[in-house]
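Enquirer: Got these off TrEMBL a minute ago, pasting:
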REGION    1-50  region 'Disordered'
COMPBIAS  28-38  compositional bias 'Pro residues'
REGION    77-96  region 'Disordered'
TRANSMEM  188-208  transmembrane segment
TRANSMEM  214-244  transmembrane segment
TRANSMEM  265-285  transmembrane segment
TRANSMEM  305-324  transmembrane segment
TRANSMEM  333-353  transmembrane segment
TRANSMEM  384-406  transmembrane segment
TRANSMEM  418-437  transmembrane segment
TRANSMEM  491-515  transmembrane segment
TRANSMEM  551-571  transmembrane segment
TRANSMEM  577-594  transmembrane segment
TRANSMEM  606-624  transmembrane segment
DOMAIN    697-1102  domain 'SLC12A transporter C-terminal'
REGION    854-877  region 'Disordered'
Amino acid sequence: MSGQKPSLRTGGSAQSRFQVDVVTEASPTPPVPAPAPVPTDGSKAPDESKGRFRVVGFMDSGAMDIGLPPDVFHEPDTAKSDSVSLHSTGTGQTHISDSHSNTYYMRTFGHNTIDAVPNIEFYRQTAAPFGEKLTRPSLSELHDELDKEPFEEGLANGEEPSAAEEAAALAAKEAKGGTVKFGWVKGVLIRCMLNIWGVMLFIRMSWIVGQAGIGLTIAIIAMATVVTTITGLSTAAIATNGFVRGGGAYYLISRSLGPEFGGSIGLIFAFANAVAVAMYVVGFAETVVELLNDVDALMTDELNDIRIVGTLTVILLLGISVAGMEWEAKAQIVLLVILLAAIGNYFIGSFMATEDKEPKGFFGYHSAIFLENLGPDFRDDETFFSVFAIFFPAATGILAGANISGDLTDPQSAIPKGTLLAILITGLTYVGVAISAGSCIVRDATGDHNDTVSDTVNCTDAACKLGYDFSICKEGGCQYGLMNDFQAMSLVSALGPLITAGIFSATLSSALASLVSAPKVFQALCKDNIYPGLGVFAKGYGKNNEPLRGYVLTFCIGLAFILIAELNIIAPIISNFFLASYALINFSVFHASMANSPGWRPSFKYYNMWVSLAGAVLCCVVMFVINWWAALVTLLIVLALYIYVSYKKPDVNWGSSTQALIYNQALTHCLNLTGVEDHVKNFRPQCLVLAGFPNARPALLQLVNSFTKNVGLMVCGHVRTATRRPNYKELSQDYARCQRWLNKKRIKAFYTPVFSDNLRHGAQFLMQSVGLGRLKPNTLVMGFKNNWSDGDMRHVEVYINTIHDAFDLQFGVVILRLQDGLDISHIQGQDELLSSNEKPAGGGGGKEVVVTVSLPKDPDSDSCPSKTTSNQSSPLIMRGENSKHWTKCPLSLTDQRLLEMSQQFKKKQGKGTIDVWWLFDDGGLTLLIPYLLTNRSKWGDCRIRVFIGGKINRIDHDRRAMATLLSRFRIDFSDINVLGDINTKPKKHNKLSFKELMEPYRLREDDMEQEEAERLKAQEPWRITDNELELYKAKTNRQIRLNELMKEHSTSAKLIVISMPLARKGTVSSALYMCWLETLSKDLPPLLLVRGNHQSVLTFYS
């Protein structure tokens, strides 16, 4: 190898596939000069190291010129050239970029390949910090021939910035100040401990020990801790199953169980946190007012003082929150220090018993007190569960860290560690306080120094052994001891005021945590746009995306409850709201594990699906234990919100476990069905409808949907015969639009496109391959070929052979004929495929409008409902600033009538008849379809009239026989008509009309040589021979006569269903068969030609 760098230009190479031009870009700093490569063929070498590359054209032959930077080699004989990756931008464009780092190129194992190595950037769902996210080369880019469409002018979308641009962006971000993120200690552990250590620790724990005793108090704490620990484990499992964004409990539940559960629980969880602010602030205000009352310093009266102090407090807390998460975190640390000091102060004081505290019941640690307080002593109608209900809110707060998941440096690691450690520490603290209080304070004390033990009194309790007689307390009225003094912990503590400071710290920290949690959860909920009208609260401000509007809303809700609410009523509802959240988090883990989705693989392994289910059940039980009516209210609210979100069906897809479980169940049921033999009682019409684009023939789909909805399978088959096969991206977009159109119109069907050279082959593919096990079509539905006589007869041959193929595959066949036709795809402005909630591809401000371009109509378009050729009209997306700027072309009267008729099956049919001409027994499909139609509300007012063939001398007998059969089938009918004159010869002018119709398609073999006739028949097999015309003369006359009879009896029917005549394959030509169908069905109301596969679909056996 020589020292010079060969250019990638290889003149005259026939292997060239594309050409790339260098697009230079202005830069604030001059490019660093680089040594220019020496071209080997005299071509001009690239002279800018900062060039941008875009494909500008593709050539079948010619030079291959990739304008690479001068430091990139091309060594065809070695494996040491740098690789260049082409990245799809998501807009159909491709740009060259690096596949592994922030530089343009890298070595992919030393080979010159556009294949990219594994990179975390390829798996991100959001944009990169400096522009669009990196995307790996698509399969098409690696596998297909290079696209020959040039790029749009300008730089490719999603192109990576230069080093200078990155440096400038970094500098700007550093100057502004980065976002504040917290670790697991500051963000989760401290926050959870502060929220769990509430007022209960200082003012209710001693009373609970007095009522339940040390043993049952530990059991109560253990029960609550079991619930919170299981929930903590479930939270850890969900939090480590992928990247966690802001939104806390709402985010975890919604991404696991879907928007229905997530949306309902998110709203009540945010509301519960907002009202919890009021609860904690009122708890603080009450303590302050008690202190003011002790020194006779009330401003007005107690109630109004609580309102004043509460309002001032919540304004202060709002100011701390609005100042930013950093200030809020600093405040939480200060409050934690005070709280820890207060707890330590209590334990130190418990070893410092003094004589002046003994009359009030505090004697220090004594085994006699411990043994006396070990068992329960429930008073005032209290029970184990009522005491548990009072304690349990003290154990909540475990989601305080998860609620700010968006502000954590590493939520996956922080949430499990911080939450579980906080549960452990607080649980041990509660147990320690319970044992300590139960071991050094008696249940009742008078506070009187004179109540010492006298010789005459027979007393055996612990106080007596310690020299005091508190037996008078059995009559009531004592103010001290575990049972009577809520401030017992202040009595025990070394420094009483520090306990008051602890109460302040506990209330304010919990209020602050709730004030921060509620807006964060609500902001995440609003961003997902599940509830319309709440989007205004999704906006964030500042470097941390603070939900200032949410703070104001939370402040207003909290203030309202501080001023006017009856907190004693609302408190149990709030506890139940939190418990409902815990229950759903536990259920999420069980549900995700049960769904067995490959995507459920949390890195936290210490969970069990059955334990999580038990946790969910426990949470529900605790809800009813705490307050049964509050639990009912909570469940009703969750149910109402769930039903609302389910009805609205938000356009989100989070890969929830609900989707995974639905898939699992569908797969299981499909497999179970394969082991069950078909039975006539369970027959369902499962229709493959050749309808093309769904919005092209709405009448066909609406009618079929009427008798298959919630009854049988419906597949909207689309045979596409375009000259250029679209790429995968175009196909997936078309599929999404078509399926969305079906869903929007509430047509329960699957859209299935297939590419083929003609309708017949495409229909064969669909009939043989569509379906899954027993969920497989058994009936082919098509539109009638109205314009068959105007086009190429080869299309008729294809159309008729498609019917023959269906019969060969044992399909039933249904053909719908409307006199005005079915195809409305040529009409501009007809029903769009793009639904209103589909996002524009460009993401810009301009709206996208779907229009249909009116092009020369394909001669086969109405007859081959699923055929789309290169010149057939198809839906296109046009972009305009405003859709109202598009002018609507006036429609012709024909098109107006066609549009009107295309919607006729969408509306209620009113009173009328469905006339069933059941002329031949095809197994009962001709009768079953009308019956299924009359079960629908749209067709409910229609009555079935049955017409059958018969002999004039047996009319009554045939009518009775048919009535008996229908009654055994349990099918209601209004009338049975026996056509005794069905074999009468048709009218002469109708016979002449038929002769004129078929004349152009006759072979007339008698007028030519036999050899020439055979050659012409081979070339044009649809030709009608004189022989077959004579052979099927009677059958021809029957079709003409039947048309006359239908015009006589059924012109006012809402729908005619008639047995379709059969043509023997290889004997009846396509033209003759088409003439029969045309003659039979012309000039009539909407008509269904039906022929089953001659297997029974009705039975009168039970």
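Glycine residues also receive a Cβ, built from the backbone N, Cα and C atoms like all the rest.
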Enquirer: Who are the chain neighbours of the transmembrane segment (305-324) in space, where the CB to CB distance is under 8 Å and they lie at least 6 residues beyond its ends?
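Expert: Apart from its flanks, the transmembrane segment (305-324) reaches 180, 277-278, 281-282, 284-286, 288-289, 292, 298-299, 331, 508, 511-512, 515-516, 519, 542, 544, 546, 548, 551, 555, 558-559, 562-563.
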Enquirer: Are the transmembrane segment (491-515) and the transmembrane segment (577-594) close enough that 3 or more Cβ pairs fall under 8 Å, when only pairs 6 or more apart in sequence count?
Expert: no
Enquirer: Report, as numbers and ranges, which residues of the same chain sit near the transmembrane segment (333-353): CB under 8 Å and 6 or more residues beyond its ends.
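Expert: For the transmembrane segment (333-353), the nonlocal Cβ contacts are 186, 190, 193-194, 197, 201-202, 362-365, 429, 432-433, 436, 440, 489, 492-495, 498-499, 501-506, 508-509, 512.
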Enquirer: Would you kindly list the residues that approach the transmembrane segment (606-624) from elsewhere in its chain, counting only those six or more residues past its ends and only Cβ-Cβ distances under 8 Å?
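Expert: Distant contacts of the transmembrane segment (606-624): 226-227, 230-231, 233-234, 236-237, 388, 392, 576, 579-580, 582-584, 586-587, 589-590, 593-594, 630-631, 634.
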Enquirer: Of the stretches 188-208, 214-244, 265-285, 491-515, which racks up the most C-beta pairs under 8 Å with the transmembrane segment (418-437)?
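Expert: Most Cβ pairs under 8 Å with the transmembrane segment (418-437) come from 188-208.
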Enquirer: Which value does the mean pLDDT take for the domain 'SLC12A transporter C-terminal' (697-1102) in this predicted structure?
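Expert: Looking only at the domain 'SLC12A transporter C-terminal' (697-1102), pLDDT averages out to 81.
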